[in-house]
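Asks: Quick one: structure below, then a few questions.
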Amino acid sequence: MIDSATVAAILASVLDGKPLEPEAATVLLKARDRSLRQQIQAAANQLRSRQVGDRVSYVINRNLNFTNICEQHCNFCAFRRDADQDGAFWLDASILLEKGAAAVAAGATEFCLQGGLNPAAKRNGRSLDFYVELTASLKQAFPQIHLHAFSPQEIQFIAREDGLSFREVLMALRSAGVGSLPGTAAEVLDDSVRRILCPEKLDSATWKTIIQTAHQVGLPTTSTLLSGHLETPSQQAQHLEQLRQLQQAAIAGETPARITEFILLPFVGELAPAPLRKRVKRDQPDLSDALLVMAVARLYLGDWIANHQPSWVKLGLAGATQALDWGCNDLGGTLMEEHITSMAGAQGGTAQTVEQLEAAIAAAGRQPYQRDTLYRPVAVEAVHAG
């Protein structure tokens, strides 16, 4: 039984500037009593205000999922298809450029570019050539756009296909126009969970190596946690510890890039493969549990990773807005389209307008502002004029 005095002592220590450790974080993550969760929420909200202030950011961006053809079979994924399967798609450059032009006309500053692991995606017999050509075509057409592109899993796939090092792949993509990497494919950085959740995916050590290498070559990354499936509170805490260690290493090593944000990705199982859905026994995320994890993430990471974002796609805009009182200071992006989570049965929608995001932030009593991918404020007049 977790008592109020224990929780209060942990929270007081964090608010006094002492780093939260995995054991204490596990205690907080096990809190089920509403009053205990309210204590944790209050501390996370206080720390958020102290660390990043009371303004809330958003980014005007567009998702570009260029293919769902994938060689892997992750047990939580309803997005992937075999090449000859109904619903499979592989968008050519002309369609991506058309989508990009529409996004730029709507004021976008970022494209988020990710896809399945398609062994046929090659140019001149090489995977890297395909990804470089894809990146360069978008960057040449829209030089002002930041390309937030290719997860560590995609980097590992390219390196394996072509017999290259991670550094070689990352350097080539950076030269072609990639500006940062999404820190997806992390799921939970515990290989006992990964063996059930995504047995074909890269392991935890490889994910961390690719993130570190990206920082070393000057590519910022995000960080994520897929929560609410098979993982335990202890595994959640250890995941946060590994993210913190990555950022601490980047700071200590004075690498030219760092982790820019933490995003919680609650599991959506409604249309996910049946075996995992049956084990989890829940189709939609539990908002209360997701809010608790976000609060503990703020307490754990806030001094090192200051920006925290909920997923309105997974939680709905109302749920994501609640997260602004649980340690989050960003409401994410407009997206304009979304396939991966919506195909799993998420009910949060696939796009938000600037007006919707700003209204949600204002309703939470905060001041909205537009940012770029690296959390720099955007001069709105300049964006719309350009």
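Note that the numbers count up from 1, one per residue, in the order the chain is shown.
Each residue, glycine too, has its Cβ placed from N, Cα and C.
Pulled the feature table from Swiss-Prot, pasting it below:
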BINDING   CYS70, CYS74, CYS77  [4Fe-4S] cluster binding site
DOMAIN    56-303  domain 'Radical SAM core'
Asks: What residues, ordered by sequence, lie under 8 A Cβ-to-Cβ from CYS74 ([4Fe-4S] cluster binding site) and sit at least six positions away in the same chain?
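Replies: Listed in sequence order, they are ARG80, LEU197, CYS198, GLU200, LYS201.
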Asks: Along the domain 'Radical SAM core' (56-303), what average pLDDT does this model show?
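Replies: Residues in the domain 'Radical SAM core' (56-303) carry a mean pLDDT of 94 in this prediction.
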Asks: From the centroid of the CB atoms of CYS70, CYS74, CYS77, the recorded [4Fe-4S] cluster site, which same-chain residues not already listed sit within 8 A by their CB, in sequence order?
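Replies: Leaving out the recorded residues gives GLN72, HIS73, PHE76, PHE79, ARG80, GLY116, CYS198.
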Asks: For CYS70 ([4Fe-4S] cluster binding site), just give me the three-state DSSP call.
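Replies: DSSP call for CYS70 ([4Fe-4S] cluster binding site): coil, neither helix nor strand.
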Asks: Within 10 Å of the Cβ of CYS70 ([4Fe-4S] cluster binding site), how many other Cβ atoms can be counted across all chains shown?
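Replies: By my count, 22.
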